[in-house]
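Asker: Not my notes, these are from TrEMBL:
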BINDING   Ala252, Glu268, Glu272, Glu320  Mg(2+) binding site
DOMAIN    210-349  domain 'Nudix hydrolase'
MOTIF     253-275  motif 'Nudix box'
Amino acid sequence: MALLFLGGALRHDAVLSSVLGRTDPLNTRPALAQGLRERVQNPAAHPVLVEAPADQAEGLLIEVSDEEAARLAHYAGCFGAARANVVAGPRNGPLTDVPSFVAQATEEYSEFDPQWIPVWARMADEIMAYYGRKSPDQITKSLHSMRIRATSWVGLQSQAESPNCTLSRDVVVHAHKREYMNFFAMEEMDLQFRRFDGSMSPVLNRGASMVGQAAVVLPYDPLRDAVLLIEQFRSAPFFMGAKNPWMWEPPAGLIDPGETPEQAARREAKEEAGLTVGHVDYVGGLYSSSGALGEIVHCFVGLADVSEIEGGGGVPGEGEDIRSKVMSFHEFMEAVDGNTFVDMPLVTTALWLARHRDRLRALGQ
């Protein structure tokens, strides 16, 4: 057994338990370390320990096995932290040299906020699922998208349980396997669910591509009675064999942690179409394909002057190549009725706009 000082995200029991793979109570002692400070920094806006000669950092002392120390090193390495000796000890107790995990300081992201602890714990679950299968360097490149998925999962946990089911009674998970992780992730479960006749289903294997949550906004100009669409290459239709994988869509993108769906929709309209959206209406938060994708798409229709385009075309560095097109409402709906468009959020927001167009035109007068 070895004594370690742990700080940053690892000083929180929910995160530490996930990293160690333990469900029993942890035997830890509050402690302080000299010459360190806790810093929330990239990658993935994560709290780590960095050198700071005039400071001291809160943390904890824990005795761990060799295997647990290796798990901690794997997790810490994903955030650029490496094992190093530090001077630490119990509060108001003697100080001594003990191992810890310390990162190089990078640009500070934000102040520490405890609301993110459940997100860090969920991220730890996913990181440790690849312990022994992927190196920390391989995982680091996926941390931002992992944080998006974790934020979505934590947000859904705050929902009230349905009066029609009790998950702890009506769904039994026998195995949870994380099979793939890059920008998106692939998860599988062997599970049973309660059937409508009251019996439990047989154990079934089910998989889903895990994405997170996204926002879509269809820009509508009530004065010109026109919409603005964007077109870009989409790899998924190409992978499926589509002969034309360039898709007409509304501006859309993943919701960043800490953003609201509306904020993300406005940001995407500016980044992809160069539009500043004014009034927005919420169409709904919809599963894009509940049989296959772990993704909720928050759909909006937003009022905008489609003659005032500044910038757009996508974000440099993200490989986007986007062009836009303004269509009259009548031309747009003829294209919808003619099955021209194959993007579901576009068709969904188009049909919503058709029902609410008169009200939106009155708003824009």
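We number each residue from 1, going along the chain as drawn.
Note that Cβ sites are derived from N, Cα and C of the backbone, with glycine treated the same way.
All TrEMBL annotations are machine predictions without curation.
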Asker: On the three-state reduction of DSSP, what should I expect for Glu268 (Mg(2+) binding site)?
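Answerer: Looking at the DSSP assignment, Glu268 (Mg(2+) binding site) belongs to a helix.
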Asker: Count the other Cβ atoms sitting within 10 Å of the Cβ of Glu268 (Mg(2+) binding site), across every protein chain shown.
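Answerer: Here the count is 26.
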Asker: Using the centroid of the Cβ atoms of Ala252, Glu268, Glu272, Glu320 as reference, list every other same-chain residue with Cβ within 8 Å of it (recorded Mg(2+) site), in sequence order.
Answerer: Ile230, Gln232, Pro251, Gly253, Ala269, Glu271, Ala273, Gly314, Ile322
Asker: Glu320 (Mg(2+) binding site) has how many other Cβ neighbours within 10 Å of its own Cβ?
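Answerer: Excluding its own Cβ, the number within 10 Å is 15.
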Asker: Tell me the Cβ neighbour count for Glu272 (Mg(2+) binding site), meaning other Cβ atoms within 10 Å of its Cβ, over all protein chains shown.
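Answerer: Cβ-Cβ neighbours of Glu272 (Mg(2+) binding site) within 10 Å number 24.
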Asker: Using Cβ atoms only, which residues of the same chain lie under 8 Å from Ala252 (Mg(2+) binding site) while being at least 6 residues apart in sequence?
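Answerer: Once residues fewer than 6 apart are set aside, Ala252 (Mg(2+) binding site) is near Ala214, Ala215, Val216, Val217, Glu268, Glu272, Val297, Pro345.
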Asker: Could you give me the DSSP helix, strand and coil counts for the domain 'Nudix hydrolase' (210-349)?
Answerer: 34 helix, 52 strand, 54 coil
